[in-house]
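Quick look at what TrEMBL annotates:
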TRANSMEM  44-62  transmembrane segment
TRANSMEM  82-100  transmembrane segment
TRANSMEM  112-133  transmembrane segment
TRANSMEM  177-195  transmembrane segment
TRANSMEM  201-219  transmembrane segment
TRANSMEM  235-257  transmembrane segment
TRANSMEM  269-287  transmembrane segment
TRANSMEM  326-349  transmembrane segment
TRANSMEM  355-377  transmembrane segment
Amino acid sequence: MAYDVLRYYVGPPVMIASTTVLVQWLTLWGCDFTQEWSIYGNEYSWKVVGALLLWAYLSLIIPGKEYLGPTTPFGYTPRYKANGLQFFVVSLSAFCYLLYQRPFTALEITYNFTHILASCNVLAFILCIYLLLKGKMYPGSSEVVQSKPFIYEFYRGMEIHPRILGVDVKQLTNCRFGLLAWELLVVNFFVASWILNGFSWAHFVSAALQTIYLCKFYWWETGYFSTLDITLDRAGYYICWGCLVWVPSFYTYSSYYLVTHPSLVNNNAAWLIFVLGFLSILMNYRIDWEKQHFQNYKGKCRIWAKQARYIEATIKTATGTRKSKLLISGFWGCARHLNYVFEILAAIAWCLPGYGYGIWPMLYAYFLTVLLVHRVFRDEEKCSDKYGVYWTKYCQVVPYRLIPYIF
Ligand code: NDP
């Protein structure tokens, strides 16, 4: 009973209030910027947010290859646009060209950052309210939505794969708005710092690592459609507000911080950081790739030069049962979530150029560690429900969660 009260009535409002206030606080006062702020943003910020949203939306409605995501237990197969890498390359090139041609400047965007976040916030709240009403009144698929307290429904979302104006909402908010905003802001803050403080290799390394990471994301975007964000999380405050506001603010925070606090890290250390970060990104990609490759070939493939080994499972669906496989070769035979470890190491690497300024520039790395450790348990709960005894068997064969022989 007490757990239910906490989960349904206390947790959601506390999370909503604290995250909304935190992003504005950090960017307003957290790094000595004295910026003006209004709860709605300003004309400039609405132009920026409107342009980004329109661009993101256009990328999903132009004709092109489609990708079918994993079918839900209720038999719904979501459709996505498979043009992630092209979208990333064109967007980044256009942004760099515009920064060079100066119809707007990196400093303008930096000085209006809190307004931009305020506009993102308004947009995200409107969207989440709409998603709640849509999920309650006319859900788009046969996905069963159990009635829960209103604030919980708003926070966790109602539908798994809602579509608006012909596009998948989570592909729009997560892939095309949130992650693109992350990339463009990181480049923007690097240029702003260059203008204000001179060129810094350490800041360059931080921006370069995040660019490589995000390029890798867009290269692998179709793989993202099989992850927890898409298959487990319903479209609501947690995931949609998260991608529209939290990602552009919190994920870019160490880069933003370096604009007013020039990096103290010397060039040799910067290149060491680059090597650490680059290898971590490669490893994270390789581990995700092994699972995707294994799933694409339905187990008939080679991993680490040997025939892939797996546990064959029978899982229940809404219409009966079906076969599935759990990989136990390669990195998926070393630990159940080794990909998260390299994700955290990569994040530490691109925050490290802020070394010497206390916890602030490292906030993203700390947050990500908490998020991913929590996610390990969320994923295991999901897999245990889905695979039952086969998951227990997998955990016996691969006993470590994150780091072999440690945890
Ligand atoms: P995983 O890629 O670890 O996927 C977990 C899912 O994969 C499980 O739910 C299960 O789903 C399937 N699975 C698990 N073990 C096996 C196995 N042995 N064989 C076959 N299938 C298996 O997790 P995420 O979706 O959380 O993460 C994807 C990527 O995104 C990672 O690189 C992660 O680091 C990154 N990420 C980044 C975040 C950020 O904020 N920067 C946040 C979260 C993730 P099923 O059986 O249904 O297929």
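Here, residue 1 is simply the first one shown, and the rest follow in order.
From the backbone N, Cα and C atoms, a Cβ is placed for every residue, glycine too.
Any TrEMBL annotation is an automated prediction that lacks curation.
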Discussion item. Assess whether the transmembrane segment (44-62) lies in contact with the transmembrane segment (112-133), where contact requires at least three Cβ pairs under 8 Å among residues 6 or more apart in sequence.
Written reply: yes
Discussion item. With pairs fewer than 6 apart in sequence excluded, do the transmembrane segment (235-257) and the transmembrane segment (177-195) have three or more C-beta pairs that lie under 8 Å?
Written reply: yes
Practice prompt. With a Cβ cut-off under 8 Å, give me the same-chain residues at least six positions beyond the ends of the transmembrane segment (269-287) that come close to it.
Written response: 201-202, 204-206, 208-209, 212-213, 216, 220, 263, 331-332, 338-339, 342-343, 345-346, 348-350, 352-353
Practice prompt. Please work out whether the transmembrane segment (82-100) lies in contact with the transmembrane segment (201-219), by counting C-beta pairs under 8 angstroms that are 6 or more apart in sequence and asking whether there are at least 3.
Written response: yes
Item to complete: Please figure out which one of 112-133, 235-257, 326-349 racks up the most CB pairs under 8 Å against the transmembrane segment (355-377).
Response: 326-349
Worksheet item: So what's near the transmembrane segment (326-349) in sequence-distant terms, Cβ-Cβ under 8 Å and 6+ beyond its ends?
Response: 209, 213, 273-274, 276-277, 280-281, 283-284, 286-288, 290-291, 294, 299, 303-304, 306, 308-311, 313, 362, 364-365, 368-369, 372-373, 375-376, 379-380, 387, 390-391, 394-395, 397-398, 400-404
